[in-house]
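Novice: Quick one: the structure is below, and I'll ask about it shortly.
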Amino acid sequence: MVSRSLIGILAGAAALALSAGGAAAQQKLKVGFIYVGPVGDHGWSYQHDVGRKAIEKAFGDKVETTYVESVPEADSERAIEQLARTGHGLIFTTSFGFMEPTLKVAKKYPNIKFEHATGFKRAPNLSTYAAKFHEGRYIIGQIAGKMSKSGTIGYVGAFPIPEVVAGINSYFLGAQSVNPNIKIKVVWANSWYDPAKEADAAKALLDQGVDIIAQHTDSPAPIQAAEARGKFGFGQASDMERFAPKAQLTAIVDDWSKYYVDRTKAVLDGNWKSQDVWGGIDSGMVVMSPYKNMPDDVKKMAEETEAAIKSGKLNPFKCPIAKQDGSQVECKGNGALSDEQVLGMNFYVKGIDDKLPQ
Amino acid sequence: MTTFEAILLTIVTASTPLLIAAMGELVTERSGVLNLGVEGMMAMGAACSFAAAVTFDSTLLGVAAGILAGALMSALFALVVLGFAANQVGSGLALTILGLGLAGLIGAPFVGSRRDPIAVVDVPGLSDMPLIGRLFFEQDLFVYGSIALTVLVAFYLTRTRSGLMLRSVGENHTSAHGLGLPVWRIRFLAILFGGACSGLAGAYLALVYTRFWSPGMTAGRGWIALALVVFAAWRPGWALVGAYIFGAATVLQLHAQAAQFGVPSQVLSAVPYLATILALLALSIRRGRAIGAPGSLGMPFVPDR
């Protein structure tokens with residue numbers, strides 16, 4: 001699959017380079033994308049591809065986009081360099097593991113603009129961008145806190161890394177804010193993507209008295225398991241309503257479209273600059289899909305919380321934050337945890353009974 | 001329904017695809033052919049069954065398509081390893097890669113579709129028995145089918161003339177050929193059977209287990225099925241035990257996490273694999289001799305003219 005798509009794209013790119021070579025073309029901006037998964041993963045890579053299509057739609061004839069899917073992180077340098085060599089002026093690499101290869105290629109081609117998702121290494125021609133998904137998790141936590149009848153909510157996590165841990169904490173803090181006695185059970189699938197195992201993990205949670213499932217793995221299997229049992233859940237990365245029309249309360253959708261269009265425009269206008277963006281609900285990168293299958297008062301609460309986060313009035317990690325042992329976390333941000341603290345979060349907040357695997 | 005019952009039910013679902021695929025591979029290997037392409041055939045079975053089930057809105061046609069896809073993939077393998085006496089390990093690995101890629105291609109238009117759960121077969125009266133009622137008498141047809149398959153394969157291998165021929169071809173293809181047994185034909189059919197079972201296991205994954213298609217959804221289950229055959233020492237009964245041990249270990253570790261046992265999840269995730277290694281060890285110590293692999297396993301057959 002990998003080789004198929006790689007070869008296909010390389011052949012296509014080569015043909016394009018040949019045909020464009022003679023003509024005095026090159027006014028067209030070529031925008032390239034590197035995806036870590038298949039476009040059809042329903043989640044992460046799929047949403048980046050939605051962003052790519054938005055670029056095509058916004059600029060029509062002025063741009064041309066290419067993507068290479070299912071690029072293994074270890075082998076990504078070749079794919080990135082190939083895009084650089086075939087006349088791409090702007091290249092998005094959309095997984096954390098592409099960081100070093102992107103940096104390396106960016107140094108080699110100083111005239112090409114690079115954008116790396118979720119990384120932290122920048123260069124004059126290399127920007128980074130990511131989204132504050134934990135803001136959305138606070139909202140779904142509140143919904144879960146209100147909707148749970150058993151008083152125990154569940155979470156299917158992929159790996160115990162800071163990004164996921166911050167999501168669990170935010171989810172739990174949200175739930176706790178509306179129901180101080182709420183309990184949470186966390187199951188680690190130790191995989192980003194194993195639909196059958198994710199389904200089993202969700203079933204295990206449901207069997208143990210959980211009635212709301214949240215997930216930080218990539219397939220719709222957990223929410224589908226909730227649907228089959230007549231329980232509720234939340235979509236991850238993209239709107240998963242079609243998989244669980246009765247169970248999906250809302251979904252945290254990664255929406256890269258606006259960012260991708262803005263950055264493409266910046267290159268076209270000649271004012272692109274290297275930057276670091278960590279956008280939340282206010283930036284439009286994190287979008288909540290319509291609130292459904294819940295009473296009006298819960299819906300109203302969710303909408304109000306969303307508005308409060310958007311306007312900056314509410315921060316899920318507002319101080320004081322206590323760790324499991326009750327000790328206070330030092331408040332390095334402005335009345336809340338700083339970005340660095342959230343990005344490096346390696347503890348559970350007070351109230352979570354479980355032990356965080358380290 | 002008690003938690004205990006619920007856990008048992010999940011274990012059955014997790015074990016069934018492993019059992020079906022392992023049973024097919026077991027027959028293939030007993031005929032002396034090692035087909036490492038189970039993962040690829042399973043992926044093809046999943047993709048084709050899902051595509052057919054959605055297109056024709058029929059689970060039955062989906063299952064048929066899955067079986068057919070697995071069988072076709074294995075026929076290709078048979079052509080290479082029987083027709084051209086190619087290396088079986090290399091060909092099998094190639095089949096896995098080909099299967100995963102082709103499945104992605106075939107499944108691409110069906111990404112995002114979903115199927116409703118298939119019906120369970122409820123044996124009236126019996127399914128109301130406490131504890132074991134739902135476990136034994138309220139399952140889907142695949143589960144009953146997988147048990148029947150195990151019994152049939154065991155009966156076929158040990159109690160029928162044709163099964164004896166298949167085993168003798170697997171033990172020593174030169175002697176079998178000398179006795180006038182049709183080595184190629186028997187192996188071809190055994191490979192086809194293995195492919196069909198892998199395809200069926202894939203269909204179970206896509207139509208019952210997850211009820212959607214996405215690339216890479218087999219997630220290594222084909223390899224586990226292969227390991228189960230070795231674990232079972234090429235005996236159908238032990239393959240059944242192994243499949244259920246593996247399914248149980250997978251599901252129980254998730255429950256242990258949810259119940260907050262305080263053991264790191266990474267360790268718990270490794271439990272099924274540790275269980276497999278330990279069981280293998282126990283089996284080989286108990287027998288005190290080489291585990292009963294078919295004598296001609298993996299060797300290409302090129303008869304003297």
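Placement of Cβ uses the backbone N, Cα and C atoms for every residue, glycine included.
What you see is a predicted model, and the numbers here were worked out from it, not measured in a lab.
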Novice: Transmembrane segment per TrEMBL sits at which of B:188-206, B:226-244?
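Specialist: Going through B:188-206, B:226-244 one by one, TrEMBL gives transmembrane segment for B:188-206.
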Novice: Do at least three C-beta pairs under 8 angstroms join the transmembrane segment (B:6-26) to the transmembrane segment (B:188-206), pairs 6 or more apart in sequence?
Specialist: yes
Novice: So, taking each listed stretch (B:92-111, B:141-158, B:188-206, B:267-285) in turn and counting its Cβ pairs to the transmembrane segment (B:60-85) that are under 8 angstroms, which one gives the highest count?
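Specialist: Most contacts with the transmembrane segment (B:60-85): B:188-206.
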Novice: Among B:33-54, B:141-158, B:188-206, which stretch has the most Cβ pairs under 8 Å to the transmembrane segment (B:92-111)?
Specialist: B:33-54
Novice: Let me spell it out: take the transmembrane segment (B:33-54), skip the flanking residues so only those 6+ beyond its ends count, and list any with a Cβ under 8 Å from a Cβ in it.
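Specialist: For the transmembrane segment (B:33-54), the nonlocal Cβ contacts are 17, 21, 24-25, 61-70, 72-74, 77, 81-82, 88-89, 91-100, 102-104, 106-107, 109-110, 113, 115, 187, 190-191, 194-195, 198-203, 205-207, 212-213, 216-218, 220-223, 225-226, 297-298.
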